[in-house]
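*Asks:* Can you keep this structure in mind? I'll have questions shortly.
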Amino acid sequence: MKLFNPRLIVFIFALLLGVGFSVPSLLETKGPKITLGLDLRGGLNMLLGVQTDEALKNKYLSLASALEYNAKKQNILLKDIKSSLEGISFELLDEDEAKKLDALLLELQGHSQFEIKKEAEFYSVKLTPLEQEELRKNTILQVIGIIRNRLDQFGLAEPVVIQQGREEISVQLPGIKTLEEERRAKDLISKSAHLQMMAVDEEHNKDAMNMTDLEAQKLGSVLLSDAEMGGKILLKAIPILDGEMLTDAKVVYDQNNQPVVSFTLDAQGAKIFGDFSGANVGKRMAIVLDNKVYSAPVIRERIGGGSGQISGNFSVAQASDLAIALRSGAMNAPIQVLEKRIVGPSLGKDSIKTSIIALVGGFILVMGFMALYYSMAGVIACMALVVNLFLIVAVMAIFGATLTLPGMAGIVLTVGIAVDANIIINERIREVLREGEGVVKAIHLGYINASRAIFDSNITSLIASVLLYAYGTGAIKGFALTTGIGILASIITAIIGTQGIYQALLPKLAQTKSLYFWFGVKNKRA
């Protein structure tokens with residue numbers, strides 16, 4: 001018999017791989033490590049509400065802006081263009097332009113579906129109910145994607161961002177320790193970063209301080225807070241352009257060495273920006289971010305190049321966070337923090353301690369039972385269990401997976417699954433031995449008889465783990481991940497690894513006089 005065989009080589013390789021990649025996580029040395037989840041590491045947990053009505057309003061605002069710009073280009077005379085949650089409305093001044101207007105609306109419709117109502121020269125346009133529902137769903141997905149993008153740029157490891165309910169999002173941020181980190185993360189997440197260029201209503205702005213929102217609305221304008229000068233400023237309600245045309249944002253320093261955010265527009269945005277500034281020299285244009293006016297300079301000349309700056313007495317950190325928010329894209333809808341909960345690191349440590357005690361305690365009891373009941377066969381099974389644990393930790397570390405409390409429960413469960421596989425193998429071997437067969441044949445038949453049952457049960461469990469991971473959320477994913485890895489590891493260690501050890505020991509086993517020492521079988525071989 002050959003001492004070394006393919007199965008034993010695989011087992012030794014699995015052992016070396018498991019130990020090698022587990023050391024950084026277990027001993028806190030350099031190398032790939034397992035990331036601890038919120039429940040083990042501590043951090044910030046938030047429940048956010050997405051105001052999808054605002055997404056619909058913003059959609060209609062963008063549509064109204066595009067309609068106004070393109071109608072002017074095509075010399076279609078429109079009056080009183082207004083936008084609200086119910087859609088947009090306007091008046092066509094020249095009935096002869098009706099066909100051109102219909103063609104323009106069809107062009108602006110794109111892949112969406114409009115409901116267009118016409119009463120004489122008055123038009124109203126809105127999305128169909130199906131399109132509105134689709135917009136709300138897509139808004140949730142867009143907000144989730146943007147939050148993940150921002151948190152990645154912020155430098156947080158393994159944030160968990162998932163939809164919860166119809167219009168709510170759960171955000172888990174492991175590792176948030178200080179109040180400053182909490183504040184920055186919260187501000188970065190909740191910032192809509194909705195950038196707009198809007199014209200100042202020069203005719204009525206002098207009365208802005210004494211004006212109500214309703215009075216402004218009747219004028220086709222909107223009252224916003226002026227962050228630069230204080231008070232209020234009256235702007236034309238239909239924006240010139242918005243942040244959808246923004247391509248880049250970065251922190252630069254002005255002539256006073258103060259941090260400001262420089263932004264760049266795409267080709268379409270640059271053209272609209274240039275056309276408007278060229279046609280409105282001497283008038284003011286406001287840079288609006290999240291419904292707050294940061295500056296409203298007088299246009300001195302046509303502004304080409306499609307770039308601008310946002311200043312507002314920012315700190316370097318604030319300017320950096322704003323640039324991240326702008327680069328990652330504007331949220332179609334504002335979000336509101338509905339619930340905030342801090343998980344302290346002490347709670348995480350308690351969870352780790354309790355879980356480790358449960359895991360180690362259960363592991364020792366299992367190994368004790370296996371060694372007492374199955375003798376040396378039980379010891380070999382225990383070796384497989386140890387390698388199984390190392391493999392789980394190693395694979396999670398290699399892929400940078402997050403370990404959660406349910407994940408640790410999954411590890412405990414896989415220990416039971418691995419034990420079950422070894423028990424089936426040992427019982428099949430003992431059955432053949434009791435029938436009077438030799439050790440070599442008993443081991444061979446034992447593995448053949450046990451393998452089918454082990455594969456069937458493990459593959460079924462693996463399919464369940466994959467489905468749980470694919471369709472589950474948060475804690476369920478953590479449980480499914482460790483269970484799935486553990487199942488694959490148990491197949492390698494129980495079927496391949498232990499059989500390799502037996503094959504290496506066959507010369508000794510063939511000569512043994514006591515089956516009890518090796519397999520716990522009390523009767524002796526004939």
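Note that Cβ sites are derived from N, Cα and C of the backbone, with glycine treated the same way.
Computed from a predicted structure; not experimentally measured.
Straight out of Swiss-Prot:
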TRANSMEM  8-28  transmembrane segment
TRANSMEM  356-376  transmembrane segment
TRANSMEM  379-399  transmembrane segment
TRANSMEM  405-425  transmembrane segment
TRANSMEM  453-473  transmembrane segment
TRANSMEM  478-498  transmembrane segment
*Asks:* State the residues, same chain only, that lie 6 or more residues beyond the ends of the transmembrane segment (453-473) and have a CB under 8 A from a CB inside it; answer 'none' if no residue qualifies.
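*Replies:* Contacts with the transmembrane segment (453-473): 162, 164, 170, 417, 420-421, 424-425, 479-481, 483-484, 487-488, 490-491, 494-495.
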*Asks:* Using a cut-off of under 8 Å between C-beta atoms, tell me which stretch among 8-28, 379-399, 478-498 contacts the transmembrane segment (405-425) the most.
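*Replies:* So the stretch in question is 478-498.
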*Asks:* Is the transmembrane segment (478-498) packed against any residues at least 6 beyond its ends, judged by a Cβ distance under 8 Å, and which are they?
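*Replies:* Counting only partners 6 or more residues beyond its ends, the transmembrane segment (478-498) has Cβ contacts under 8 Å with 7-8, 10-11, 14, 37, 380-381, 383-385, 387-388, 391-392, 395-396, 401-411, 413-415, 417-418, 421-422, 425, 447, 451, 454-455, 458, 461-462, 465-466, 468-469, 472.
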